[in-house]
């Protein structure tokens, strides 16, 4: 295997030469014998930033591939006393050993099935960053997380979570769903709901503290706390979102029944079960923003800063975003400028989920009125 050296964050890494695995001038990281995706750099930068707030003593990267994520945590955060880097691919674990030595990282490196490993150990922070769906690893990852510890999941199977693929959504995430105008946000709410339900099985409450959508994936961090009563309170915030495709009316209910729009008389589209609470712990979010000044070396520093600024404003509003082009088309009006809408609504912000959307806790009628006068 021909290796090349790259640098990411403060880590120097050996990875398989992508040129050796090109097909007709194209390259996909999954074609390499050891997976390394440069497009996930922002994901890893933000994760390093999040861990600078969490300050874990023990970390598990259960699907390590090249080892980049765990190695960066160790070298850039400090204070990690126990690091486990795991991959079931023996070629990957051999490369992880080289990369760990190269960066003076003291880690336990294992070649195990991720679920098997996670049922054997406990850690302050568990990271699940799969190629595809995290669903097969959710329960074991929560089980491996100590009380008042943290776990993070990446999901790249947006076709399931956003309900482009209904059968996949049902199989992986127990979703009964159709595509709504704000499906980009519903996807992350569906993922959160699934994690909460999996934690409920073993009476562990999974509180979402930081979430974001970027490019083609979701990333969510949870704080885990033991206790059946805590779990019950979280489960009370699982519900179904409904939207009328004719007038844009929407509502939330806690039962998966079919509903007729009270205004138009047509059957509304639905999505659920989904998390109906906050996507961000504001204190955690502000701590991340404060710590960012220590990571000016990030290649994605400007992107991360911009994203955090949006999230700080967005976190003021619990309700899912409204898509302006969707509502404007229903009332046969031109799409207004977002700035005009924010000025009209007064209590609103842009959203990172969709450049066509705005976040507000106001109702559809107020959105419609603002579109009409702008």
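Cβ atoms here come from the backbone N, Cα and C positions, even for glycine.
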The S-adenosyl-L-methionine site in Swiss-Prot lists 44, 87, 113, 114. Which one of 7, 69 belongs there according to the record? 69
Nearest recorded site to residue 261 (Zn(2+) binding site) by CA-CA distance, among binding-site residues 44, 69, 113, 114: 44
Measure from the Cα of residue 264 (Zn(2+) binding site) to the Cα of every one of the binding-site residues 44, 69, 87, 113, then give the nearest. 44
Quick tally, other C-beta within 10 angstroms, 87, 113; top of the binding-site residues is 87
Separation of alpha carbons, residue 87 (S-adenosyl-L-methionine binding site) and residue 244 (Zn(2+) binding site) (Å): 45
